[in-house]
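A.B. asks: Just lifted these from Swiss-Prot, have a look:
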| type | residues | note |
| --- | --- | --- |
| DISULFID | Cys120-Cys129 | disulfide bond |
| MOD_RES | Ser204 | phosphoserine |
| SIGNAL | 1-26 | signal peptide |
Amino acid sequence: MGMYSAIPLALPMVLLMVYGLTPSLGHSPRTPDRVSEADIQRLLHGVMEELGIARPRVEYPAHQAMNLVGPQSIEGGAHEGLQHLGPYGNIPNIVAELTGDNIPKDFREDQGYPNPPNPCPVGKTGDGCLEDTPDTAQFSREYQLHQNLYDPEHNYPGASTWNKKLLYEKIKGASQRQKRTVNPYLQGQKLDKVVAKKSVPHFSGEEE
């Protein structure tokens, strides 16, 4: 409590010392244009030390960034390519390349579609895209079920001749799956051969 009550008393004292209005000082009075920033900082630090307040951290202005020595670079980011970072744009970034064993499995060239599905945007036509594609979840599920993930390690029949237009026609002409409207388990049918995780299974040959 005493520390905070002393702060309002200390500030006018600092101002009097800065502007040379203290009568006990024998120096010539200082005008605001003769007071340097270093003088103010020195006085403030002295008052703060007397009051027991921690010294503020030292911050370096941006123009001192040129004084840093040694190679400086920043690695990472969102793969935007070459950038120049820092206050003056003098710190080049390192573009991280995905090579060798560092490449995740999903990034490898052999883990993709040789001819990816490409439905046309609504109301648009163009070469290479499927026109009049049904915008339904069921069609999307069936389309994806019929796709063969291209993988040279496995021998998919006809993978090299995979064609999205033929696939579209095949799905379009396929018989629609019949929806089951009645759930037999809601009608009383029991699940056979299902064991709960924490229960002990009972086998017919065991004695009660």
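Any Cβ shown, glycine's included, is placed from N, Cα and C.
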A.B. asks: Around Cys120 (disulfide bond), which residues of its chain at least 6 apart sit with Cβ under 8 Å of its Cβ?
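C.D. replies: Set apart from Cys120 (disulfide bond) by at least 6 residues yet with Cβ under 8 Å, we have Gly126, Cys129, Leu130, Glu131, Thr133.
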A.B. asks: Tally every other Cβ atom lying within 10 Å of the Cβ atom of Cys129 (disulfide bond).
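C.D. replies: Within a 10 Å radius of the Cβ of Cys129 (disulfide bond) lie 15 other Cβ atoms.
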